[in-house]
Amino acid sequence: MKNIVLIGFMGTGKTSTGRLLANRLGRPFIDTDKKIEQENNMTIPEMFSLYGEAFFRQKEREMAAKVGRYTNAIIATGGGIVLDPENIVRLRVNGYIISLTASVEVILERTGRRNTRPLLNCADREQKVTSLLASRASLYREAADFVIDTSACTPQQVTDEIIAFLRRGGRLRGRS
Ligand SMILES: Nc1ncnc2c1ncn2[C@@H]1O[C@H](COP(=O)(O)OP(=O)(O)O)[C@@H](O)[C@H]1O
Ligand SMILES: O=C(O)C1=C[C@@H](OP(=O)(O)O)[C@@H](O)[C@H](O)C1
Ligand SMILES: [Mg+2]
């Protein structure tokens, strides 16, 4: 079976929805960030501060190539996976690409709880989210087989939508 690959901005719920979806479908769950941390024995904030963002992006590229060869898995990616179009090419070979979106307000609320995202470790988080989102929104949209706005949905409802998408045979039927 094809992988289900969740893409989207930080705080759209890729990690939590992916885990829930995998549990519900009884399929393996992989979070690329978590796997990068485990394989390098270092957290992402440590990686950014010790070696810089470019180092993390290289690890992320290698991880996209690796998990792109899996089958049957639910794969939650990091929000920057779309920055290299080759990552999407590799993830699409065996997978449906599902983009989760959310409003700036919701993203700020969800990412404000724990400070684990180095890119949002700044004075003006709202300005940062707004500008990063503006620069990435088209990348998420263009990569997606299906788009789900999670702003007013629980993770449970988002997984329901993904399961309905799969039951339709992964065919796009309008984007919500
Ligand atoms: N649909 C949702 N509704 C409410 N809270 C959510 C939803 N999805 C995720 N969250 C919460 O938002 C925070 C960020 O979610 P996470 O899954 O880590 O997002 P991502 O992996 O896309 O950055 C977590 O505290 C999580 O519990
Ligand atoms: O958007 C980004 O560039 C990033 C998103 C993070 O993952 P989440 O989207 O799961 O928060 C993590 O990969 C890293 O902090 C960089
Ligand atoms: Mg995540």
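Here the Cβ of each residue, glycine as well, is placed from N, Cα and C on the backbone.
Among the features that TrEMBL reports, ATP binding site is placed at Gly11, Thr12, Gly13, Lys14, Thr15, Ser16, Arg117. What TrEMBL lists as Mg(2+) binding site is Thr15. Positions annotated as substrate binding site by TrEMBL: Asp33, Arg57, Gly79, Arg136.
Using the Cβ center of Gly11, Thr12, Gly13, Lys14, Thr15, Ser16, Arg117 for ATP, the list of other same-chain residues with Cβ within 8 Å runs, in sequence order, Gly8, Met10, Thr17, Ala76, Gly79, Leu100, Arg110. Sequence-distant neighbours of Thr12 (ATP binding site) (same chain, six or more apart, CB under 8 Å from its CB) are Gly79, Leu100, Thr101, Ala102, Ile107, Thr150, listed in sequence order. Contact annotation for binding-site residues (Gly13, Thr15, Arg57, Arg117) versus ligand 2: Thr15, Arg117, each with CB under 6 Å from a ligand atom.
Across the fold, the C-alpha of Ser16 (ATP binding site) and the C-alpha of Asp33 (substrate binding site) stand 13 Å from each other.
By the rule that a residue counts when its Cβ sits under 6 Å from some atom of ligand 1, the binding-site residues Lys14, Arg57, Arg117 yield Lys14. Same-chain residues at least 6 positions away in sequence with a Cβ under 8 Å from that of Gly13 (ATP binding site) are, in sequence order, Leu100, Ala102, Arg110, Thr150, Pro155, Val158. In this structure, the C-alpha atom of Arg57 (substrate binding site) lies 14 angstrom from that of Arg117 (ATP binding site). The distance from the Cα of Gly11 (ATP binding site) to the Cα of Arg136 (substrate binding site) comes to 14 Å.
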